[in-house]
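Structure, as structure tokens:
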């Protein structure tokens, strides 16, 4: 197994270039199922989740050429409508193939994502919406088996769901008639999907709001144009926290500050200043790192994917911080590992109380998921001594060239084999 060895540091400096957003690239790659032409997507991050999705599309018969952060996708060769478990189990986002496959072919089978219990994660919202559009859906031996010709309808999502919104937007693109979606996710990644589909000829109104009207093409495939994936706001937020936890001056390049409003607001509350240019953000050191109160919520609120990183940062604050995780259960699995480094954190349900200002010590820690693993790296930067972070395959799912980017900021970080 591979692990990272990270030496605690007092200071970072330099520039880091932000990659394309994994969570935007995934649905955009899947949307090529709706295309009549070859689709070229630029600024695609070279991370494990992208490779998994490309493997899935190739397994369905698509021809994909992925190099130098550009993906060339031809789905005219699709000859399979079964998304198999051995690939889908690696990544929940594979469920995104359900809507477009059903819309294009009138039938498909998609394995339930690994460990995904219906009702706990909102995949049930995907299925209910497709049923409202006329799909016949059954769960058979761990697969969603769907069939039917989709027709537009009015659909209200009971809860805001990013992947659910994306799935149904893609399904509605080829459906017959108008689909009205209410309580749609407004994340930048959802907005870009809508804009790309609009550029491909889809009539869609309300982009960027929680109400969309989509006028389906009744089975006619779309003519895609070449486009680039938006910058990764979570990667950007993670590097901002790396600069903050070491109280350093660093600059992020190729970043969209508008997508980071909630993160920047909390950094400002903690005493940090930022200089924002057209596509860069410079973080300036704080005179004093202040405690903060954070409640996660849907965009444009504070992102749940930044909660773990800010928990690590709060350990350096002079006082007590509160983090209220409102979106997901089991999102505090990094706490037990931070405690091994000397953190003072108490949990009460979905609320974490973090007492900052205590010295962190290096330790061997284990990553439990993608964002938790980045929190452990941040804590290791601020700890005294050399830490080892195990199970870093979680990091490889979502962070491109992580060691090289940290080394460019002056971090002593090494990938080693056990």
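Heads up, residue numbers simply count up from 1 along the chain you see.
Glycine residues also receive a Cβ, built from the backbone N, Cα and C atoms like all the rest.
Here's what Swiss-Prot has on this protein:
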{"type": "BINDING", "residues": "22, 23", "note": "phosphoenolpyruvate binding site"}
{"type": "BINDING", "residues": "92, 121, 122, 123, 124, 125, 305, 327", "note": "UDP-N-acetyl-alpha-D-glucosamine binding site"}
{"type": "ACT_SITE", "residues": "116", "note": "active site, proton donor"}
{"type": "MOD_RES", "residues": "116", "note": "2-(S-cysteinyl)pyruvic acid O-phosphothioketal"}
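Here the features listed in Swiss-Prot are painted onto the structure.
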residue	record	Cβ neighbours (10 Å)
22	phosphoenolpyruvate binding site	25
23	phosphoenolpyruvate binding site	24
92	UDP-N-acetyl-alpha-D-glucosamine binding site	18
123	UDP-N-acetyl-alpha-D-glucosamine binding site	23
124	UDP-N-acetyl-alpha-D-glucosamine binding site	16
125	UDP-N-acetyl-alpha-D-glucosamine binding site	21
305	UDP-N-acetyl-alpha-D-glucosamine binding site	21
327	UDP-N-acetyl-alpha-D-glucosamine binding site	18
Separation of alpha carbons, residue 22 (phosphoenolpyruvate binding site) and residue 327 (UDP-N-acetyl-alpha-D-glucosamine binding site) (Å):
20
Separation of alpha carbons, residue 125 (UDP-N-acetyl-alpha-D-glucosamine binding site) and residue 23 (phosphoenolpyruvate binding site) (Å)
19
Compare the C-alpha of residue 22 (phosphoenolpyruvate binding site) with the C-alpha of each of the binding-site residues 92, 123, 124, 125, and give the closest one.
92
Taking DSSP three-state, what's residue 123 (UDP-N-acetyl-alpha-D-glucosamine binding site) in: helix, strand or coil?
helix
